[in-house]
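The next block holds one structure in the form of structure tokens; read it before the comments.
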């Protein structure tokens, strides 16, 4: 006869076996966990009062059970089965909640909580799902450049270590790129690591670019599922250099065209609007049908006025794409006749001409001894004051640095001319004798007393201005003397004498020579007097005309009055005659 304990064990074994076959209990329940986190699986059963123990198992793909944890309700002890993949990873709490640390992809199973009583086994299955967030997508193997109208690989978008696998999407300027035949080709593939069971997703984009893609950002994203639902991670932006052919050629001139003058260096610069820009061009010079092959610049040195004309440049492989510009080489010629050092005699005529030839209207300025003249000089009869340094200067205002100047150094020579004057001092105690000399080069003056031949050294001289100066002596002669003034320069020696009476004998004084400065003042005064006289004559003429008109009107009015008075007298006489006849 069997014991009561043996009977209980056989009953428990039968119940466990039947539980593995019939699986009574609650419906499906899912626990989501992130990769590497701790999986917490609650036992979704109410603990019965006659509970003997609780147990956890998972099911293999073929449905066979694998027990992993046991907890007795009476002994309060916990036992973990010898399952290598869960060694040191399990924890079973008092309420029979199972915790699995360091979640792995292999933990995606159907776990079952089992509560066993003496007469029954209760089960609650739970599905465990493990999710792994993929790495941030990255665009790799990027093209160095994209060419318009050519389908070319733009790059690969890669996202690694995902579970489950995700999807990759490409964007242009934030808008989704969809496959388009001949323009957008997207190739997607995924690979699973056999050890970690994590996925790597790769999407290759082939793209036909246009100029509209210049500076446009391209990105990609990975969409995946996590414990809390669907999420998306975006890559960094990638901007590509877009190559496109040249559609227009332009030509530039350095320095600016309006400032080119003879002697300058001209640099022609040809530009194409393609990317990359053309590095070589053909340059066409005026009158030359064949182009000169060069880089994007061509330099002409020391240009002359005959370089004026149309300059062109074109693409080497497409000569019809051409640009042109007109260049004017500005020039300025100045001819002064005569020029340099010129010597003429006083009274001579000297025509002077300053001829200008320029690419534009030029301004002409005359200077004499660094003082600007109001008009160009003209000499019909040279004077000493005409001597000096003359400069004819011209410039093109629009062209910086284009100016010319020629100079004329005029020397006016003349033989010495002498005029002597004398004047008695108002006190009557001395006489002033002046020798006025005119000539160039400056004559030397010497005073002597005729007869004795004595030389007078005590003299006073004025400054030498415009070929004139004077020498003055003051004497008190006790008897009549004759003074001689000698003036000499490289041209001639001139002598003049003057008789001077003794101081006791009164005589007529001669007027002093008028200096150039005083002469100008006299001329100005004469002009003023003439102006005043002319003004008075005009005023008198106007007054005479007004008076004549007034008198003419007065006479006409008088005639009308006399006529009226005569008529009145005649009428009066007629009336008297009529009265006499009636009587």
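Glycine is no exception: its Cβ is also placed from the backbone N, Cα and C atoms.
Among the features that Swiss-Prot reports, topological domain 'Extracellular' is placed at 28-527.
Annotation comment: Swiss-Prot describes 91 (among others) as N-linked glycosylation site, evidence class experimental evidence. Around residue 91 (N-linked glycosylation site), the same-chain residues at least 6 positions away in sequence with a Cβ under 8 Å from its Cβ are 98, 99, 101.
Under the heading N-linked glycosylation site, Swiss-Prot lists 95 (among others), citing experimental evidence as support. Neighbours of residue 95 (N-linked glycosylation site), defined as other CB atoms within 10 A of its CB across all chains, total 10. Reduced to three states, the DSSP call for residue 95 (N-linked glycosylation site) is coil.
Among the features that Swiss-Prot reports, N-linked glycosylation site is placed at 167 (among others). Within the same chain, the residues at least 6 positions away from residue 167 (N-linked glycosylation site) whose Cβ sits under 8 Å from its Cβ are 188, 201, 222, 223, 224, listed in sequence order. When secondary structure is read from DSSP and collapsed to three states, residue 167 (N-linked glycosylation site) falls in the strand class.
Cβ environment of residue 265 (N-linked glycosylation site): 299, 300, 301, 302, 303 lie under 8 Å away, each six or more residues apart in the same chain. Positions annotated as N-linked glycosylation site by Swiss-Prot, on the basis of experimental evidence: 265 (among others).
Annotation note: residue 306 (N-linked glycosylation site) sits in a helical segment as assigned by DSSP. Under the heading N-linked glycosylation site, Swiss-Prot lists 306 (among others).
The domain 'Ig-like C2-type 2' feature in Swiss-Prot is assigned to 333-409.
If you draw a 10 Å sphere around the CB of residue 361 (N-linked glycosylation site), it holds 9 other CB atoms from the protein chains shown. DSSP classifies residue 361 (N-linked glycosylation site) as coil under the three-state reduction. Annotated N-linked glycosylation site per Swiss-Prot: 361 (among others), in sequence order.
Per Swiss-Prot, domain 'Ig-like C2-type 3' is recorded for 416-501.
In the three-state DSSP classification, residue 457 (N-linked glycosylation site) falls within coil. Annotated N-linked glycosylation site per Swiss-Prot: 457 (among others), in sequence order, evidence recorded as experimental evidence.
In the three-state DSSP scheme, residue 480 (N-linked glycosylation site) is classed as coil. Taken from Swiss-Prot, the feature N-linked glycosylation site applies to 480 (among others).
Look at residue 499 (N-linked glycosylation site): DSSP puts it in a strand. Close to residue 499 (N-linked glycosylation site) in the fold, though at least 6 residues off in sequence, lie 480, 481, 482, each with a CB less than 8 Å from its CB. Residues annotated as N-linked glycosylation site in Swiss-Prot: 499 (among others).
Taken from Swiss-Prot, the feature region 'Disordered' applies to 562-583.
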Fewest-neighbour residue among glycosylation sites, criterion Cβ within 10 Å, set 306, 457, 480: 457
For residue 457 (N-linked glycosylation site), the one of 95, 306, 361 that lies nearest, given that the glycosylation sites are compared by Cα: 361
Segment-level pLDDT (mean, integer) for the domain 'Ig-like C2-type 3' (416-501): 91
